[in-house]
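Notes follow the structure.
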Amino acid sequence: DSFDYKTFFAKVGLNSKPKDQVGKVFRILDKRSNGFIEEEDLIVFLKNFSASARALTDAETEAFLAAGDSDGDGKMGVDGKTALIKM
């Protein structure tokens with residue numbers, strides 16, 4: 001459980017990208033193209049950036065999802081994701 005999304009976003013430069021570019025990343029992560037990133041999408045979050053990366057643990061996935069779930073529906077919409085990255 002060592003994944004820290006704030007550190008990750010800073011290291012890959014996402015927190016300094018404009019909202020439209022963050023939206024493009026969001027759409028890549030939104031595998032079902034339903035406008036949300038859900039638990040299943042976050043489990044393989046790191047693998048979307050590097051094929052050799054590990055999957056997030058359950059605890060990491062839950063913490064990441066909770067941080068970006070702005071309305072408590074168990075999903076992360078693009079606005080919540082953008083706000084999370086910009087923290």
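Placed from the backbone N, Cα and C atoms, the Cβ positions cover glycine too.
Per TrEMBL, these features apply:
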BINDING   D30, F36, D69, D71, D73, K75  Ca(2+) binding site
DOMAIN    17-52  domain 'EF-hand'
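Here the features listed in TrEMBL are placed on the structure.
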{"residue": "D30", "record": "Ca(2+) binding site", "contacts (Cβ under 8 Å, 6+ apart)": "F36, I37, D41"}
{"residue": "D73", "record": "Ca(2+) binding site", "contacts (Cβ under 8 Å, 6+ apart)": "none"}
{"residue": "K75", "record": "Ca(2+) binding site", "contacts (Cβ under 8 Å, 6+ apart)": "F36, I37, E38, L65, D69"}
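Mapped onto DSSP classes, the domain 'EF-hand' (17-52) shows 19 helix, 2 strand, 15 coil.
Considering other CB atoms within 10 Å as the measure, the emptiest surroundings among the binding-site residues D69, D71 are those of D71. If you draw a 10 Å sphere around the CB of F36 (Ca(2+) binding site), it holds 19 other CB atoms from the protein chains shown.
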